[in-house]
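These notes concern the structure reproduced below.
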Amino acid sequence: DVPKVPDSDGPRRSSLCDRHCAAINNVQGDLGDLGCHLHRPRVPPATSTLSCYQQHSEEVCESCVVKTTLTAENAVEANKLSNNYKFGFKKWKSHVTARPWEDRSEIVKELYSDLNVIRGSGGSTLTCGNVLYLLLFGWWLSLFYVFVAAAMFITVIGAPYGRLCWDLAGYFLWPFGKVIQKVEVPKSHQACEAGAGESSALLGGPTPRRWRPQCWAGTGYWHRASTTVWLCLGYPVLALAHGLVCVTAWLLIVLIPVAKLSARATSRVLLLPPERVLIRRLRMTEVPLEGEVILCCYRAANPYYYKYAVDGINVFAVNLLPLVLVTLVLGYADSPNHLTGSAVKFTLALLSIMPLSYYIGMAIASISAQSNFAVGAVVNATFGSITELTFYITALIKGSREGNRCYAEVVKSALTGTLVGCVLFVPGLCMVIGGIRHQEQRFNSRSAGVSSALLFLSVGGVFAPTLFSKVYGKLVCGECHNVTQNPLGHYLCHNCHFDLMDNNGTLYYSHVQPLVYTVSILLPAAYLIGLFFTLKTHTHIYDIHISDCHMPGHHHSAVVHWSRWRALVILLLSTLCMSACADLATEHISPILTNSTISQYFIGVTVLAMVPELPEIVNGIQFALQNNLSFSPKLSFLPSIEIGNCIAVQVCMLQIPILVLFTIFYPTNFTLVFSDLHVYASMFSVVLMNYIFMDGKCDYFQGTVLVMVYFILLAVYFFAPSPSGC
């Protein structure tokens, strides 16, 4: 049913404008994902969007170039996407609700299917993945079955299981194109004897040989004795071997079918009576129509398993979770460093931050998607930047306790590295990778202009105390040499810096420190004003539409992966583990800073700044490949912005003021006075980013320029001398 268009000019013009915008987006390939919008009347079927565009092409809609459509499958997903745009939740790729099975592609369905489906034509089984299985697992797993089979034959009463293990040895050497079925056997001893000359009604072939000679394995006492010997001697050894195969294959991800094969063999095949297990090879055209298929595998490897998720959690995050446990146990149980050194523990602690940041992001998204506006705002304000702030605060506390200024300099380097990396490297890399598939990519230039203004404001505010100290501070040098041997001649000085503590710190305490506090108040205020600007007064700039009816089969109730209480528990536990890992990282970074020949500037700008952002970089690359640069990992409150731009805004407007506020209650060596290198690198990066993004279009060449400039800055940091105090 098509609703009637009102007679007033306003609504009619709005409808025509919407259709005009839709036509422009269709023609120009804008990043709006067009569907039926919930807030406006639908276009009559007889009038196509293109014809509407041709008929009303004289109407110019200024909001067309900034229209962004969010597509969601249900109300929960729609609320999640909306909150991502409002508050800057980390835009994780995973859904917070279970997607309908019928709407998934055949590739994804195959990932989640059990290995019990027989295909009419499986193709050749001689593939690289199958050969890899043979080399990694098949040969020694088959030997295990041979040894267990010999042990079962030696016990005599375990002979039926010995025959089963002998058959399974051949199966697991090369299981591809073979099938294991659960079959019915005769109920009585007489039926067993009669079955010696009969054919199987199920498969049309002779009855398996191990059923016929004696049927004592299926009768009372001997059956129990044989099962007892099997469960005590044979099954534990094979279960251990299959467990090793399962864990190894699961960690390799692409070999997850092998993990499923081993898990199903341990839980189903090895627990069945031997007379009920039938192993046979399938012909290309043979499709059994009866009987329960337990195992049927054609491929050992599938490269699409990077999409696999367990209860809504990506398989990479699942595999990295044990790394967190190893890090915590090794870090706190081996404090004297008897087992491993500080470098290993620091690396493990840093890598453990990646899965924990993933769980924190998923928990925030799950809670916000199931809550109202106020709860979402509180959760985001509390936990939005918890990953970075936890590390920075623990480093400042350790530096304050040890009286080491190097920790404060490392934190400043990490802040600058995050800003520079997210302004240059993250969008540049996404442009390069996205440009491989798309010749030109577009994003919302109007919102990019708003974010650019905020970025200029935030960077100027952060570095204002630094510029103030250079204008009014006293230049102090460590050593100076007279080059001309003339007292009035030229001097060559080293280790020069501006001293703010001259005259008992009058300049710092009376002028610089009040300026720092003023900036720390104004920057969050500017953030709130921008939030009010985008959510209240100028929402038409972004014109976000949430659609849930553009795809068939989505008329279902949302089933969330994590309830609010479960997400809250995971959020608190992940935050606690994050604090512990950050404490271990700062505990073991000191030997690296003192013994390393690499500049501490470089360590802070690269390792400490970019490793916590790796999950967001990966998600940003995935969205760039989908030609959707508006869905950046951290969107702040700007709904359609280039990848990584608003991470820099959050660093300047939220994280740095919070660190300044922390130093008020817990005095540390952290001051908002940066080195010249940090100031010049940040300013140049922001100017270059705004120059490239001013037209709302990007390609791989512009991305290459950003990446190259980032690597040039890294080279500068690499060859720069260590900061004073380190």
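Note that the numbers count up from 1, one per residue, in the order the chain is shown.
From the backbone N, Cα and C atoms, a Cβ is placed for every residue, glycine too.
The domain 'Inner membrane component' annotation in TrEMBL covers 128-178.
The feature domain 'Sodium/calcium exchanger membrane region' is assigned by TrEMBL to 344-464 (among others).
The feature domain 'Sodium/calcium exchanger membrane region' is assigned by TrEMBL to 567-717 (among others).
Outside the transmembrane segment (131-157), and at least 6 residues removed from its termini, the chain residues within Cβ reach (under 8 Å) are 163-166, 168-170, 172-175, 222, 225-226, 229-230, 233-234, 237-238, 241-242, 245, 248-249, 255, 258, 300-301. Taken from TrEMBL, the feature transmembrane segment covers 131-157 (among others).
Per TrEMBL, transmembrane segment is recorded for 233-258 (among others).
Look at TrEMBL and you will find 313-333 (among others) tagged as transmembrane segment.
Taking Cβ pairs closer than 8 Å, the transmembrane segment (339-361) reaches residues 89-90, 92, 313-314, 316-317, 320-321, 323-324, 326-328, 330-331, 383, 386-387, 391, 570-571, 574-575, 577-578, 581-582, 584-585, 587-592, 607-608, 611-612, 614-615 in its own chain, all 6 or more past its ends. Per TrEMBL, transmembrane segment is recorded for 339-361 (among others).
Feature annotation from TrEMBL assigns transmembrane segment to 373-394 (among others).
Annotation comment: TrEMBL describes 414-436 (among others) as transmembrane segment.
The transmembrane segment annotation in TrEMBL covers 448-468 (among others).
The transmembrane segment annotation in TrEMBL covers 515-535 (among others).
Per TrEMBL, transmembrane segment is recorded for 700-720 (among others). Below 8 angstroms of C-beta separation, residues 413, 420-421, 424-425, 427-432, 434-436, 598-599, 601-602, 605-606, 677, 681, 684-685, 688-689, 692 of the same chain, each at least six residues beyond the ends of the transmembrane segment (700-720), sit close to that stretch.
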Quick test of the contact rule: Cβ under 8 Å, at least six residues beyond the ends. What residues does that give for the transmembrane segment (313-333)?
93-94, 250-251, 253, 256, 305-306, 339-340, 345, 348-349, 351-352, 354-356, 358-359, 362, 561, 577, 580-581, 584, 587-588
